[in-house]
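A.B. asks: Quick paste from TrEMBL:
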SIGNAL    1-27  signal peptide
DOMAIN    52-149  domain 'Gfo/Idh/MocA-like oxidoreductase N-terminal'
DOMAIN    161-286  domain 'GFO/IDH/MocA-like oxidoreductase'
Amino acid sequence: MSVRSVSPRLSRRLMLAGAAATALSSAAPVVLGRKVRLAMWGLDGHPGDITKPLAQYPDVELVGVQDWNQTAARKTAGSKAQVFTDARRMLDEVKPDLVAINNNNGERAAAIVECANRKLHVMAEKPLALARADLDRVKKAVAANGIKLGMLLPMRLDSEFLALKQIVESGEIGEVIQISSQKSYQLGERPEWMKKRATYGSTILWIGIHMFDLMRWTSGREMKAVSSFMGIAGDLRQGEMENSTASSFRLDNGGTATLHMDYCRPAMAGSHGDDRVRLAGTKGIAEYMAATGVTVMSKTRKPEKLTQLPPAGAVFGEFLEHVYLGKPTALPLSEIYRLCEITLGAHEAALSGKVIPL
């Protein structure tokens, strides 16, 4: 397919929503109006999503870092924050206002509940829990203590996926009736916690959650039922983590959606991952892949590549402004819980071999 470049037409609705989700679109410091003491519970996930935006938020002070890897903890802590091996001792001693939880997947729900019971706001790595019972405990603790809970889904605020959402909202490709998506990563050498089901969960729970979010976020469609397969095949093995998965969904309008994931991307590829989303609508198709960028074709225009995209946001910066400035959030708690339920459903479908209602 040949494409020609064109600037996208930004919808007013997307721009208004994007204003709350683009904390890094300006280099100017953001004043929160009070000092915020931040502690980091674990560094197993993506702690960079927490630390990178901090330069723009001078009111946020990193006061404590806990991790089993003390070398990594000291590096993250720098010269001012205290370093701990025991997370609860850290909470007792540094008395944070906000905790970023990046421990392994199997221990995350308990950490969230602990912080909620101390009435501390939480930004957690995903998923929140590996089982529905643990997710229910998180919900009850958050509700009982009135804290704010966020989840690290940074791809929702990437320019490319904001652009796909904009195209759908403009009505140009009509009603989305089919979604195809992909995640392909290099396997490399994985940390020990990812090699064990008790601390990893599954590849569907760990990285599938990103794409399930993007499929819903960009298309505006809801998922009603799911079937999945996952397994370990070939000689690309890292303990119990699956290297191949496939999930299929029935959408709320009778359409369908699919996600396939693998850890087969070779080191020679030049980048760690290859994420793709294709939205097929009744009037056209919009899609993103790294090789071609964001492209769109419809009844009113030939295939085109978008060259000017909405500004990207930072999920932690957006959360800070939501909690301390009262700004709207692009990722409300109801969306977080719904996404966790969908992801658990896809995981359960793979384990049971059944179609799981959502």
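Each Cβ is built from the backbone N, Cα and C atoms, and glycine gets one as well.
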A.B. asks: Could you count the residues of the domain 'Gfo/Idh/MocA-like oxidoreductase N-terminal' (52-149) that DSSP puts in helix, in strand and in coil?
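C.D. replies: Computed counts for the domain 'Gfo/Idh/MocA-like oxidoreductase N-terminal' (52-149) are 48 helix, 19 strand, 31 coil.
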A.B. asks: Could you give the number of helix, strand and coil residues in the domain 'GFO/IDH/MocA-like oxidoreductase' (161-286) as assigned by DSSP?
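C.D. replies: So the counts come to 38 helix, 46 strand, 42 coil.
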